[in-house]
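Each remark here refers to the structure printed beneath this line.
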Amino acid sequence: MSDSLRIIFAGTPDFAARHLGALLSSQHKIVGVFTQPDRPAGRGNKLTPSPVKILAEHHGIPVFQPKSLRPEENQHLVADLNADIMVVVAYGLILPAAVLAMPRLGCINVHGSLLPRWRGAAPIQRSVWAGDEKTGITIMQMDIGLDTGAMLHKIECAIQPEDTSATLYDKLAQLGPQGLLITLQQLAAGTALAEVQNETQATYAEKLSKEEAKLDWTLSATQLERCIRAFNPWPVSYFIVDEQPIKVWQAQVLPAGEDAEPGTIIHADKHGIQVATADGVLNITQLQPAGKKAMSAADLLNSRREWFIPGSQLV
């Protein structure tokens, strides 16, 4: 059997486009690309193609953008391509059982965690949020469940104390294509080994929300610092002062000092704005007022010191 596979690629964001790029540089043939419909974006809300569509069209690959793969006429789009396998990376649409069964080798997915931990929509962010020491990439055979399929390949990645979701995203976007190419080689050769997931170890990575990004001072400083890193670059943690949302991009955990109600400003100087929490002190070092660029605590205090008077409360 040839080690060159006929591949349908399904994906939408930049993370997916990096995997498509690796496939385009391989011996495999991309026979079609599925991506989500163009969406309004930018200040003018202009219809904008996904990064995957842009890359596919640049290489002259047929692009399909159905709103759903449930209708039979859309499923025929997959069947007619006569693919050996379908590779799915952050596509954003559910694949019905009929579609999963169409390619000769089925459908495989690149997932941004070490399954079965962090199944679901936001695995990278939740691993930072939870304080995990490691995460990684899992390549799995897709079934009708939510990230429940048998695992074909895993690559681990340490989470550093300073990692944000943005930096971890970049690390996994480099590891994922490596694991994908190895898995495809094994599938083509018939040497791939599938490991069933242990359901007792499964956890779920719920989608992030803007509401969740509001800093809750009744949490510990450690958990708040994790939230700040997990919600970077979106939706970005924030608090309210003078009825204005202030985004927080960087902060440090300090040991507890004087007793104070959570949310109380303990101290504010060029080194940061220190806020009492349920356990420990959060020292905020980089902030972004509404309509402004991100700036150091020192720069914000120069213009808005009245917002951060020691003893006052943040909401």
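Using the three backbone atoms N, Cα and C, a Cβ is placed for every residue, glycine included.
From a predicted model like this one, the values you see are computed outputs, not experimental measurements.
Annotated (6S)-5,6,7,8-tetrahydrofolate binding site per Swiss-Prot: SER113, LEU114, LEU115, PRO116, in sequence order.
All protein chains shown were included, and the count of other CB atoms within 10 Å of the CB of LEU114 ((6S)-5,6,7,8-tetrahydrofolate binding site) stands at 21. When other Cβ atoms within 10 Å of the Cβ of LEU115 ((6S)-5,6,7,8-tetrahydrofolate binding site) are tallied across all protein chains shown, the result is 27.
Summarising the environment of SER113 ((6S)-5,6,7,8-tetrahydrofolate binding site), the number of other Cβ atoms within 10 Å of its Cβ, over all protein chains shown, is 25. Residues near PRO116 ((6S)-5,6,7,8-tetrahydrofolate binding site) in space but far in sequence (CB under 8 A, at least 6 apart, same chain), listed by position: ASP147, THR148, GLN197, ASN198, GLU199, GLN201, ALA202, THR203.
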